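Chemist: Per Swiss-Prot, signal peptide is recorded for 1-20, and the stated evidence type is sequence analysis. What Swiss-Prot lists as transmembrane segment is 48-68, 87-107, and the listing cites sequence analysis. As annotated by Swiss-Prot, Cu cation binding site applies to H214, C249, C253, H257, with the evidence given as a curator's inference.
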Amino acid sequence: MKIPGSVITLLIGVVITVVSLWYGQNHGLMPVAASADAEKVDGIFNYMMTIATGLFLLVEGVLVYCLIRFRRRKDDQTDGPPIEGNVPLEILWTAIPTVIVFTLAVYSFEVYNNLGGLDPTISRDNAGQQMAHNHMGHMGSMGNMVAMAGDGDVALGIGLDSEEQGVNPLMVDVKGIQYAWIFTYPETGIISGELHAPIDRPVQLNMEAGDVIHAFWIPQLRLKQDVIPGRGSTLVFNASTPGQYPVICAELCGAYHGGMKSVFYAHTPEEYDDWVAANAPAPTESMAMTLPKATTAMTPNEYLAPYAKEMGVQTEALAQLKDQTSPVGDLL
């Protein structure tokens with residue numbers, strides 16, 4: 001019994017759909033997802049992979065079928081049918097990519113917005129008014145226009161979604177130089193060549209380049225942000241999986257660009273506290289002397305004793321100076 005062509009086409013469509021859906025979710029091309037935001041990025045990547053797999057199987061399948069079905073037969077000297085264009089087919093293969101691209105654009109915009117890429121707290125009108133003001137005040141100076149653009153209150157960065165904006169993040173200052181990353185923790189005074197942060201707590205990286213443009217990239221977080229000289233940028237994330245992850249410069253920054261790497265350590269809260277305790281700078285003796293003390297119960301000699309010792313002044317000399325009268329009145 002001959003199987004109808006419509007049934008064969010339906011079966012082929014079902015097979016292509018099943019294979020595309022399975023491979024789109026099980027391709028294994030992405031590294032481990034170390035944050036909730038990474039799962040959002042993986043969602044759009046898996047969606048794109050599903051569509052790409054289906055299109056690949058469909059197009060390559062049609063090509064292989066045509067190569068076999070319409071190959072030149074032995075002793076066939078005839079010409080093919082004079083077909084010139086196919087308007088319905090051209091409309092179809094124009095409409096399908098249009099729908100796919102539009103769907104991907106809407107989906108990617110939604111993901112980018114959820115990641116905090118569009119900062120609703122920064123007014124774009126404010127930036128425009130500032131640019132117009134500088135343009136009117138310094139009509140002939142393009143240098144002022146460029147400097148204004150760098151100093152404006154324009155959001156440059158990516159961060160948490162709106163539901164997590166109220167959480168107090170761990171602040172880390174990041175300096176990108178050829179060819180290293182320097183991480184400074186203002187809360188503890190720690191300076192490190194590696195990034196350390198606890199899981200399940202937002203981390204805000206305030207980044208700036210010291211020479212050329214760099215790009216801060218942690219693949220496991222699915223986040224990348226340009227680091228620009230003279231202009232700060234921000235990257236906010238919330239790691240969810242403990243581990244060691246590479247920090248990579250993703251912008252060609254010089255001859256040794258490939259060696260500009262560091263490590264991000266995602267600790268448990270207890271491990272992070274231990275790291276801070278082990279690496280926090282110890283207060284020096286001079287710093288300890290500046291700490292507040294209960295001075296109300298001290299005598300003048302007791303209060304001045306530590307300072308006199310540091311200056312090399314003996315208490316006996318201070319007592320002699322106290323007993324002496326000033327000769328200033330005799331000189332006047």
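Cβ coordinates are placed from backbone N, Cα and C, and glycine is handled just like the others.
Are these features on the surface or tucked inside, and what are their neighbours?
Modeler: Taking the Cβ of H257 (Cu cation binding site) as reference, residues of its chain lying under 8 Å away and at least six apart in sequence are, in sequence order, Y179, C249, E251.
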Chemist: Which state, by DSSP, holds H257 (Cu cation binding site): helix, strand or coil?
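Modeler: For H257 (Cu cation binding site) - judged by DSSP and reduced to three states - the answer is helix.
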Chemist: Which number gives the other C-beta atoms within 10 angstroms of the C-beta of C249 (Cu cation binding site), all protein chains shown included?
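Modeler: Its Cβ has 25 other Cβ atoms within 10 Å.
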Chemist: Starting from the Cβ centroid of H214, C249, C253, H257, the recorded Cu cation site, name every other residue in that chain with its Cβ within 8 Å, sequence order please.
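Modeler: Those within range, site residues removed, are G176, Q178, Y179, V212, I213, A215, A250, E251, L252, G254, M260.
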